[in-house]
Amino acid sequence: MAKRKHKAPKRKASWLVNTILAIICIIWFIPTLGLLISSVRPAADILQTGWWTVFPHRQWATEEQVKLPKDTDLRQPITVNGQTFSDDQLKAGVMQGDKRLVWENRRSRTVDVQDKKWSGMTLNFTTQNYETVLGGKQYKITQPDGTVKTEQGSGMGRSFWNTIAVVIPSTVIPIFIASFAAYAFAWLKFKGRRFFFVIVIALLVVPLQVALIPILRDYTALGLNGTYFGIWLAHTAFGLPLITYFMYNSISQLPRDLFESAYMDGATNFTIFSKLILPLSVPALASISIFQFLWVWNDYLVSLIFLGSQPEVQVLSMNIANMVGSRGSDWHLLTAAAFVSMLTPLAVFFALQKYFVRGLLGGSIKG
Amino acid sequence: MDVRANQGSMLKLILLSILVPAVNLGLHFSIFLFFRSSDLPPVLNAVLAVIWGIFGIYSIYWSLNWVVEQYSDKWKERIIPYVFVGPAVLLLGWLLFLPTLRTLYLSFFNADSTRFVGLANFGAVFTDRLLLTALRNNLLWVVFGTLACVILGMLVAVLADRSSFERLAKAIVFMPMAISFVAAGVIWKFIYYYQPGDDQIGLLNAIMVQLGLQPQGWLSMVQPWNNLFLIVILVWMQTGFAMVIFSASIKGIPEDMLEAARMDGAGEVRIFFKIMLPVISSTVLAVTTTIIVFTLKIFDVVMIMTGGQYGTEVVATEFYRQLFMYQNAGYGSTLAIVLLIAVIPVIILNLRQLQKEGSF
């Protein structure tokens, strides 16, 4: 196995490559940008104007107002500046030449005459959404004697730590178990190897909803409901088929002579696994742990069913869902909360990105 | 003398083989009880739980392996594979395999699982108009979703490898993966949102209005194309997955191999198809399989964006509706089994590939 330098000299990037990639990146970034901008806009703005209106753009601006006679009949065609329009047209806005007519106030019979004007950068930003999200939503509770009490809901702090306690073991445990299994499937001979492997692959496709009710019943009998251990097991089982499949793919690609020489030297399987296989599989381990981490981090259904929503064990995704309410109408809170909950996975990605480098395997890959 | 020594060590082995798993069980059970009844501050609780989880799993393997190491060489060889695959097989058996068998069993029974109906549920599934739409939509998801994710993921991975802003590009394409489905739903509502009139808060309709066209109800009115608009969301979220895996395996291709081809005057496109693609073909298969499976099971995106209305229902949402809302265990289970059957060709393809590589 030839040891090579970590960084191969980078070939000069062509402008074509850079341009195509830049276009893809911009398209990819637009929805996320929308989320970021929306998260700092006041709640009312979010529902009234598009998020891109914070940038300079042309929009209708009222130039003058026309007051129609107070007794104008709205069911009849309405005459404005010599032309007639229907009430519905004026409600939606209608063009007259290059001007636009729209009701300013229907009851007082005032019509806006608007013109397209450039509007500059809007700087109507607020940190209110983030304050609410991090501090917890305020609940107004009407007490029996009629007074209204405002109570602060639990913030994200507690559920952040709960999430850590759920996510890290739920990432490490299945990867550990799956790597051991993948090593055995790939390099050890034993009865039932093929059978078990086919079952594991087949289980890839089982939708986890299939398992929810039977597991819930077993968990209730065993007292595992609402415990970290229970949810670790559930996430482990749901992640295992995919992780085993992936680790198998990576481990079975390693060259055979690598093990054989180690085995000849008297190394046990356990030593080969922990001293040889794991270090060589670092890129695969890094990428699959990112994904398992993400899936568990963003999971809502499994935590809801096996952990419950009591504040002592509640995880972030559940906290967000509670904050938003079942109808998902509080967009301003959701955008801020979504951004806050994105930060940790992104940090993990950046931390692990350094393992995705060329040359970690040297020339050892089968080719 | 020899025999007695042998018997003595036999006894010791048997004792160890019972004692070590028992100690493991007892130890972790008491830690479990401690955590269940403890009232530690959240931070300390989390840190301790993480430590337990990580060291617990390592110590279980380590101690079981240690016991097997005491056996004679012949037995060691035989038993060690089962120690390695055992935990995976047991967990999967309990938490996924048995529930699946139970689902298969229920698919032959009526709605409240009291009467055996044979294959009637399967007949019903393949004639019910709603369920047929769901099957058709799933096909759309599998074909378009998978193709787009794999091709775009590969494109970004290859381009990023030679671009001058690799880290930034990969981070941007990866970013949507870090967003939960609920949040992604909100983001895409800012794109697809529809209301009549000229003032739009959805980006797509704002563009339509600017171009002088009528705003569209992208997710509700333009059937069956609305499915494609939903698939775009999945592609946006999952391309990062394909990209990261492809990127890792492209980095594994020895540079000298590519350099040699360049010396011979091969163009970059030719190098990609003739050298890179064959080398990473097993990764391509793995990623494709994963995304096919993922799109077959697609649930959250549809549930959050349309709730499966407007002709966007897929098998998983119908499964959920039948099982949890209409309490029809028969139909629900049948749908889950249909998913399982649908993936059999993909599994066979995978096994064949593994066989070809000689690892089976």
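Backbone N, Cα and C atoms are what each Cβ position is placed from, and that goes for glycine too.
Record features (TrEMBL):
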type: DOMAIN; residues: B:135-352; note: domain 'ABC transmembrane type-1'
type: TRANSMEM; residues: B:12-35; note: transmembrane segment
type: TRANSMEM; residues: B:47-67; note: transmembrane segment
type: TRANSMEM; residues: B:79-97; note: transmembrane segment
type: TRANSMEM; residues: B:139-160; note: transmembrane segment
type: TRANSMEM; residues: B:172-194; note: transmembrane segment
type: TRANSMEM; residues: B:228-250; note: transmembrane segment
type: TRANSMEM; residues: B:271-296; note: transmembrane segment
type: TRANSMEM; residues: B:329-351; note: transmembrane segment
Margin query: Given a Cβ distance threshold of under 8 angstroms, which distant residues of the chain, six or more beyond its ends, lie next to the transmembrane segment (B:139-160)?
Written below: 166, 169-170, 173, 224, 227-228, 231, 234-235, 238-243, 245-247, 250, 272, 276, 284, 287-288, 291-292, 295-296, 298, 314
Margin query: Do any residues, 6 or more residues outside the transmembrane segment (B:172-194), come within under 8 Å Cβ-to-Cβ of it, and if so which ones?
Written below: 156, 200-205, 215-220, 229, 233, 236-241, 243-244, 300-301, 304-305
Check: By Cβ distance under 8 Å, which residues at least 6 away from the ends of the transmembrane segment (B:228-250) in the same chain are close to it?
Finding: 140-141, 144-145, 148-150, 152-154, 156-158, 160-161, 170, 173-177, 179, 184, 188, 192, 218-219, 222, 276, 280, 283-284, 286-287, 290-291, 294-295, 298, 301-302, 305-306, 312
Item checked: Outside the transmembrane segment (B:329-351), six or more residues from its ends: residues with CB under 8 Å to it -> 100, 103-113, 117, 121-122, 124-125, 131, 134-135, 138, 285, 289, 292-293, 296-297, 315-316, 318-320, 322-323, 360
Notebook entry, point to check: Short question: which residues 6 or more past the ends of the transmembrane segment (B:79-97) have a Cβ under 8 Å from it?
Noted result: 60-61, 64-65, 68, 71
Next item on the list: Grab the same-chain neighbours of the transmembrane segment (B:47-67) for me: Cβ-Cβ under 8 Å, and only residues 6 or more beyond its ends, written as numbers and ranges.
Entry: 16-17, 20-21, 23-24, 28, 31, 35, 40, 80, 83, 87
